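Features as listed in TrEMBL:
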TRANSMEM  38-57  transmembrane segment
TRANSMEM  78-97  transmembrane segment
TRANSMEM  103-125  transmembrane segment
TRANSMEM  132-150  transmembrane segment
TRANSMEM  170-190  transmembrane segment
TRANSMEM  197-216  transmembrane segment
TRANSMEM  236-256  transmembrane segment
TRANSMEM  268-288  transmembrane segment
TRANSMEM  294-317  transmembrane segment
């Protein structure tokens, strides 16, 4: 067996992670410098997968309760509580992931939840696997690989003093002013002009989400450092970020629920994912300066990975029909003495049952 030349041995180590001097995606130096970031990536991916499992379990619990002869509240189902527990575990995992990885990589990994839900529903809800699901899943996996590979490696140990400096920096000041102006304009149209278009609602959600992501990153990083022995919880900035996190989350949920009430989830999920991810990446770039030293090629490939993930989510959610429970109705065409053929829906907010009682009242008044 011959001796491998030094130049070939270094090239081999650079490509396959040996103890050479290479800095490729599989090399030893790359792994050692990205080890903390990879932990955050794996934690975020696993957490989003748990969220997709939990949502399908909750949906399965609702369908089972609807098929029973005796209707029971959903909170009496053990299966539903199992889904809630997994949902909480997934959200906690996402929260911790922000302490180990940049916002620019944790936020786009929400596509794992959308893709996972499409495939898991085949097993839990007995749905049919569509070609669009396979194509969309392939695009999101490819996009996720590009995101993980080309995300810049930035220091994740953010101290309270660093966060204070970021908070009073002029780029974040300009960004905050622009965000407040845009949010106030949208809120004016929402309140005064009653404009409740899906883009208006989800844009307000995204603007609030950018503040939420900044606060989550700060709180998670300071807690992580405190657990390691570098106490950060004595600084006032920690509690300011906790208040910002709670308040922005509350208003974000309010507008998101309004959108869910007016529009179908198949339209909300992809648009909200794109808006949220874009605002989160912008907040990471401006507040935490995550792409400050990134090469142009890395930025381009990262954006291309985002585009593939967005496209994959849109393809998965496109033309996906929602399931609705059967609501009883009265077909007047089958009622003797009536020539109407329309379907009259029961009115749960009135003492009258559809329009039949109104017609009876009209007959009585005429007589």
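Using N, Cα and C of the backbone, Cβ positions are placed for all residues, glycine too.
When Cβ-Cβ distances below 8 Å are used as the criterion, the transmembrane segment (236-256) is approached by residues 160, 163-164, 167, 201-202, 204-205, 208-209, 211-212, 214-216, 218-219, 222, 268, 272 of the same chain, each at least six residues removed from its ends. For the transmembrane segment (103-125), the most Cβ-contacting stretch among 38-57, 132-150, 268-288 is 38-57 (pairs under 8 Å). Residues 196, 200-201, 203-204, 207-208, 210-211, 282-283, 286-287 of the same chain lie 6+ residues outside the transmembrane segment (170-190) yet bring a C-beta within less than 8 angstroms of a C-beta in it. The stretches the transmembrane segment (197-216) and the transmembrane segment (132-150) are not in mutual contact, being linked by fewer than three Cβ pairs under 8 Å (pairs 6 or more apart in sequence). Counting same-chain residues at least six beyond the ends of the transmembrane segment (132-150), those with a Cβ under 8 angstroms from any Cβ of the stretch are 25, 38, 41, 45, 104-105, 108-109, 111-112, 114-115, 118-119, 297-299, 301-302, 304-316, 318-319.
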